[in-house]
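Comments concern the structure below.
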Amino acid sequence: MILQIDMGNTRLKWRVKNKLASLVEGHCLWSDAEDALMASLMPYGGLISRILVASVRSQEDNQAFMQLLGRLTPLVPEFAYSQSHNDGLVNGYADPERLGVDRWLALLAGYDRHKAYPFMLMSAGTALTLDLVDGQGHHLGGYIAPGLDVFVRAVSHSAAQINVVKSNNLFDASPGRSTVDAVHHAFAAMLSGLVQKSYELLSRNNGFAPVLLITGGDADVVKGLFHQGITCPDLVFSGLDIYFDLRAGNNG
């Protein structure tokens with residue numbers, strides 16, 4: 001069995017899989033990681049043969065997490081890192097290792113599903129990222145913006161007369177008729193404009209309408225803005241399969 005772990009900015013996700021299927025999946029906030037992870041994985045500790053990790057956390061956090069895993073199994077976790085290229089996909093960053101590994105793994109999975117077609121990959125979480133890939137497998141770069149929660153909190157904390165709590169009903173980019181709507185609709189309008197600009201760029205240069213893939217903790221929230229978008233909740237895990245060459249069934 002293989003334990004896959006996605007160490008994000010705000011949340012921790014994990015799954016245990018064998019050659020046939022996922023056996024257990026879970027996620028939690030970092031503040032709950034110790035109790036949630038141990039409760040979920042303790043029955044599988046002696047059965048796990050590999051631990052594969054995608055982390056955007058600091059080295060200190062990674063070390064602390066490895067110590068936590070040491071209570072479960074003596075195995076040494078294997079960390080994925082961003083690459084210049086893999087499986088026909090070319091990293092568009094001038095310094096490929098600077099691309100977040102979660103973005104790289106999700107791009108690998110997206111490219112594996114949509115080879116020969118351009119696509120946009122949106123990850124909606126603490127940060128919102130949008131990456132562009134053309135029909136030849138060239139990553140053209142991307143955009144990084146505040147996620148919805150960060151955007152709402154930034155506006156509320158910076159303006160004394162604005163006190164808004166995040167809403168998950170994000171489906172309208174028209175002018176807001178209340179402060180709450182004005183803040184949320186502004187985010188929706190900016191995100192819609194970013195996607196439209198990227199859509200036009202990829203369509204013009206590739207001759208095909210690009211696919212929009214949406215992942216991340218707020219994927220279901222932003223999906224309401226883009227009816228053509230495809231929600232893909234486990235792209236990072238699928239990318240780990242590609243990175244560690246597990247697609248042929250060598251899953252432990």
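Any Cβ shown, glycine's included, is placed from N, Cα and C.
Per Swiss-Prot, these features apply:
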ACT_SITE  D102  active site, proton acceptor
BINDING   D6, M7, G8, N9, T10, R11, L12, K13, T126  ATP binding site
BINDING   Y93, G100, V101, D102, R103, T179  substrate binding site
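Projection of Swiss-Prot feature records onto the structure.
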| residue | record | DSSP class |
| --- | --- | --- |
| D6 | ATP binding site | strand |
| L12 | ATP binding site | strand |
| Y93 | substrate binding site | coil |
| G100 | substrate binding site | coil |
| T126 | ATP binding site | coil |
| T179 | substrate binding site | helix |
Per-residue Cβ crowding (10 Å cut-off), top of binding-site residues T126, T179: T126
From binding-site residues G8, L12, Y93, T179, the one whose Cα lies nearest D102 (active site, proton acceptor): G8
Alpha-carbon spacing, G100 (substrate binding site) to T126 (ATP binding site), which is rounded to whole Å: 13
Cβ contacts of L12 (ATP binding site) (under 8 Å, same chain, 6 or more positions away): I5, D6, H27, C28, L29, W30, A33, A36, L37
Residue pair Y93 (substrate binding site), T126 (ATP binding site) - Cα distance, angstrom, rounded: 21
V101 (substrate binding site) CB neighbourhood, other CB atoms within 10 A: 23
Greatest C-beta neighbour count within 10 angstroms, which of the binding-site residues G8, R103: R103
Local Cβ density at the residue listed as 'active site, proton acceptor' - other Cβ atoms counted within 10 Å: 25
Cβ neighbours within the same chain of T10 (ATP binding site) - under 8 Å, at least six residues apart: L29, W30, G125, T126, G217
Surrounding CB atoms that lie within 10 Å of the CB of Y93 (substrate binding site), all protein chains: 16
Rounded Cα-Cα span from G8 (ATP binding site) to R103 (substrate binding site), Å: 11
